[in-house]
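Structure first, then comments.
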Amino acid sequence: MPDVKTASHTVGTAEDRVDLKTMGRAGLKDFVAEHGAPRYRGDQLFNWVYGKGVSDFDRMSNLPKRMRRGLQRDATVEDIEIVEQQQAADRTVKALFELPSGREAETVLIPAIDERGEARRLTVCVSSEVGCAMGCEFCATGRMGFRENLTPGAIFDQVWHMNEVAQEHFGRPVTNIVFMGMGEPLLNYDAVLDSISILTDEDSLNLSAQKITVSTVGLARRIKDLADDQLRTNLAVSLHAPDNETRSRIMPVNEAEKTSLPALKEALQYYFDKTGRQITYEYCLFKGVNDSETDARNLADVTRWAPSKVNLLMYNPVEGLNFERTSEAQLDRFVQVLVQEGVTVTVRRSRGQDIDAACGQLANEGEDA
């Protein structure tokens, strides 16, 4: 390929070629070096693919013609596109993306609107997988099962395109990213880390790592890996119950000893000791399941060992699932107990419910089993 001579520049089939969007900067530099080109050509490729959004090798004008021919033969740049878009009454936007495999993933743009009607913050909720293997009993995505891991480029493209949507609808770029869409991010660990590296690169979207939150059901080993890899992103743990018995009933991942509450606590202790970063706990309230005052006190005991905050969510109903949202009165009592126990707590109000874009509702209805 690259700067070396080639016997032929016949374009191979898509199956034969390497998708450059499976790689970040380091991977692109390795790729060109393995094909005989200087490593700086990988930096140039990165700028074209992730900085300018160019997938046509002929347009990459600072690459030698011979290298462009080699890339056409050996590589491809697989983009994903929005095939459907909806806007909710609260101005939340949900987009459906088609992947190269033909499967689809959903992404949500969530505006925080101020008193003047302007968006002071624009958050993209990205998917890291199609479907999810975790099987949480209350989640629409979990009912799908696992279908496909997204590449770093497919994760990046969600933000790239939603950034364009943000400019179109709100006149400003995306400010925050949360890995809280379809899938368990830490089960697609390498691709998620590569995508974060791309998104925060100054030659790409140049987003702040401190504006990115990675959410997990609590995969203990991978939480330790996050600590070791020294990401400056935020960590959110989908807790949803303060005791092993209840959590195992609604979140099957908790049944295994290595991902149970004690194992999770030990991993979070490791994470905090290594990073010193505050931990966020996500806690969705289900009527009669985890919303009692005793549950609130137990939640305080589970979370206050280190600087943390608790985000309370009201359940977003999913057709066919036997969960109900707690009452506003019970929510108020729950909050009151947490505050009395010294817990920092925020009530997160759902956005985009009328277009099934709220937490736990992402599941493309057209997806075959």
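Cβ coordinates are placed from backbone N, Cα and C, and glycine is handled just like the others.
In Swiss-Prot, the S-adenosyl-L-methionine site is described by G183, E184, S238, L239, H240, N316, and among S204, S208, S215, S292 the residue recorded at this site is S215.
Secondary structure at G183 (S-adenosyl-L-methionine binding site), as computed by DSSP, is coil.
For C132 ([4Fe-4S] cluster binding site), the same-chain residues that are 6 or more apart in sequence and have a Cβ closer than 8 Å to its Cβ are C139, T141, G142, M144, G145, F146, M182, G183, E184. Checked against L239 (S-adenosyl-L-methionine binding site), the recorded positions E106, C125, C136 differ in C-alpha distance, with C136 being the nearest. Residues belonging to the domain 'Radical SAM core' (118-354) score a mean pLDDT of 95 in the model. Sequence-distant neighbours of S238 (S-adenosyl-L-methionine binding site) (same chain, 6+ residues apart, CB-CB distance under 8 A): C136, S215, T216, V217, G218, M251, E282.
Distances between the Cα of C125 (disulfide bond) and those of the recorded positions E106, H240, N316 are shortest for E106.
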